[in-house]
Amino acid sequence: MTTNPTPTNWLPLVVLCCAQFLASADNVTLSIATQALMNDLHATLGQVSTANTMYPLIAGTFMVAGGMLGCIWGWRMLFRIGCLIFILAEACAFFSPSIALFTWGARLTAGIGGSLMIPAVFGLISALYQQRRRVAAFGALGASSGISFACGPIVCGYLLDHVGWRIAFASLGLLALLILLCSVIIPASENKRAAIAFDTPGFLLGTLGLFLTIFGILRIPVWGLVMPFDPAVSVLGLSPAPFVILCGLMVLVMMLRWERYFEATTGHALLPAVFLKTRLVRHGLYLTGWIFFAYSSAIFTVVSFAQIVKSVSAMETGLLILPFAICLAACSLGLPLFIQQRNPRRQCQMGLTAGIAGALVAAAALHVTGFTPVLMASGLCLIGAGMGTIAANAPILVTTGAGNRHAEQSGGVQAASRDIGQALGMALISTVMLTVLTFLMKYQVQHDPAMGLAARQAIGHLTFIPWTSDRTFHQLIQTQNLAPGDLSGLLQHYQQSRMLSARYGLLAMAIVTSLLLIRLRHLPKSS
């Protein structure tokens, strides 16, 4: 494949950025379609949350394998197959009659398509562009995500409000078809590793291990962290989630042992040792995962709160996160273009610090009946700027640390870290919000002398309190035949607890980011 493109040979990058735009827009559309899916498919917030996590779960599971398949089949072929599967996924979303088919059909298929398409994007950029061109190309890739966060919510929000969520997903399918047709612009791979045998045992072990680990984490909000929410779903009287996670980690340990043997025998591996042993690669992967961890945790919290508490429309949701998207795109593309002397340590520290500050400001913007627009916009701007700054640095850290031999294959593990980060962000926020809501609601009701005994017992007997709208909660407690005064008091406690749970969700994101900031204090000062 061409490794030193002429100044005019940037057309392939446009196609690749469109593919990244597609993947990001798909997730954006789903994030702002929460209320529409709940209404049209009669889904709960938990079911929509599961649909949100299905793409990163499946994509993160298979993307490491996608990195090796690109070396065998050729990156352009892998890219085209991913586009085809993505088209099928959007068609399935359009025709979905239920949330079950939408989740296990459309979102699962989209995850498989993304697990092939996105590693191919990283691999093609690593092969086509070198040195400063590669830095600019990865910056453009991050900016395309920012543009999708900016344009996607407004365009898709308009479609959601006026023609429905089905047309929004169908439009993404047409975009995938256009990208597939334009892939003729991308140079064909030289397929230097065609003789490599695919690491089937490593693939099976890695797929099973990643799936069990991520699936267990994602089920914590449903099953519980230690004690089960539903006694009928338990293992030895405890939540099944930690047992599933432990099984997944054990399988991954077996996979890593096999990979070392396979690499020593053949010279190649699904997960080369350099990806784990090189500090620069590890730090780059942590940062890559944080980008989408921050997006899924912060945006899911803000969007859920805005749509459920303030009943904003899909298009209004898009306008709400527009400042976030603009700052992300500006920092991701602007830093590589305008700052010649790069200092990755300083830039990444500033990016993570901005993310922490943004989460705290956004949390302060929340109140019982809505949020303060100026404060919320400021918080989202800081989060977007932090994500854009990290997006301009993380891929270069990985490809530089991996070296020329493994730079292209690193696309699979980079893409996997993004989707694992997104899944972990969703799981963390869902768990924190549901746990805090349940604890605070029960605590406030039990310690409110104005509450009647029947109201205290009704709330005390609930295993967990659902995170939902005032109307739905009112319908839930109406079935308990409580006094009108107790109904009003319970609703006030619920509104207060719900707001505080969202604040704690954003605080959890800030704490995780602070830990990462401490962990990455040894980043290099120059790239």
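The backbone N, Cα and C atoms fix where each Cβ goes, glycine too.
Among the features that TrEMBL reports, domain 'Major facilitator superfamily (MFS) profile' is placed at 12-472.
The transmembrane segment feature in TrEMBL is assigned to 54-75 (among others).
According to TrEMBL, the feature transmembrane segment maps to 82-104 (among others).
Under the heading transmembrane segment, TrEMBL lists 110-129 (among others).
Cβ atoms under 8 Å from those of the transmembrane segment (136-160) belong to residues 13, 16-18, 20-22, 24-25, 28-29, 32-33, 36, 121, 125, 128-129, 167-168, 171, 295, 313-322, 324-330, 332-337, 384, 388, 391-392, 395-396 of the same chain, restricted to positions at least 6 beyond its ends. The transmembrane segment annotation in TrEMBL covers 136-160 (among others).
The annotation transmembrane segment is assigned in TrEMBL to 166-188 (among others). Sequence-distant contacts of the transmembrane segment (166-188) (same chain, at least 6 residues past either end, Cβ-Cβ under 8 Å): 1-2, 11-12, 14-16, 18-19, 21-22, 25-26, 29, 33, 74, 76, 79-80, 83-84, 86-87, 89-91, 93-94, 106, 124, 128, 156, 159-160.
Residues 50, 53, 56-57, 60-62, 64-65, 239-252, 254-255, 258-259, 262, 269-271, 416, 420, 423-424, 426-427, 430-431 of the same chain lie 6 or more positions beyond the ends of the transmembrane segment (200-220) yet place their CB under 8 Å from a CB of it. Taken from TrEMBL, the feature transmembrane segment applies to 200-220 (among others).
Distant neighbours of the transmembrane segment (232-256): 202, 205-206, 208-217, 219-220, 223-226, 271, 276; these residues of the same chain sit at least 6 beyond its ends, with a Cβ under 8 Å from one of its Cβ atoms. What TrEMBL records for 232-256 (among others) is transmembrane segment.
Summarising the annotation, TrEMBL assigns transmembrane segment to 285-308 (among others).
Taken from TrEMBL, the feature transmembrane segment covers 320-339 (among others).
For the transmembrane segment (374-399), the list of distant contacts is 122, 126, 134-135, 138-139, 141-143, 145-146, 149, 280-281, 283-285, 287-288, 290-291, 294-295, 298, 302, 320-321, 323-333, 335-336, 342, 344, 347-348, 350-366, 407, 410, 413-414, 523, 527: same-chain residues at least six beyond its ends, Cβ to Cβ under 8 Å. Per TrEMBL, transmembrane segment is recorded for 374-399 (among others).
What TrEMBL lists as transmembrane segment is 420-441 (among others).
Annotation source TrEMBL lists transmembrane segment at 500-518 (among others).
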Could you tell me what the rest of the chain brings near the transmembrane segment (82-104), counting residues at least six beyond its ends with Cβ under 8 Å? 19, 22, 26, 37, 41-43, 47-48, 50-51, 54, 66, 110, 112-118, 120, 166-167, 169-170, 172-173, 176-177, 179-180, 183
Determine which residues of the chain contact the transmembrane segment (420-441) at the Cβ level, with the cut-off under 8 Å and only residues 6 or more beyond its ends counted. 27, 46, 49, 52-53, 55-57, 60, 210, 214, 217-218, 220-221, 225, 288-297, 300-301, 459, 462, 464-465, 467, 493-494, 496-498, 500-502, 504-505, 508-509, 512
Any residues 6+ beyond the ends of the transmembrane segment (320-339) with a Cβ under 8 Å from its own? 132, 135-136, 138-140, 142-143, 145-151, 153-154, 299, 302-303, 306, 312, 347, 351, 376-377, 380-385, 387-389, 391-393
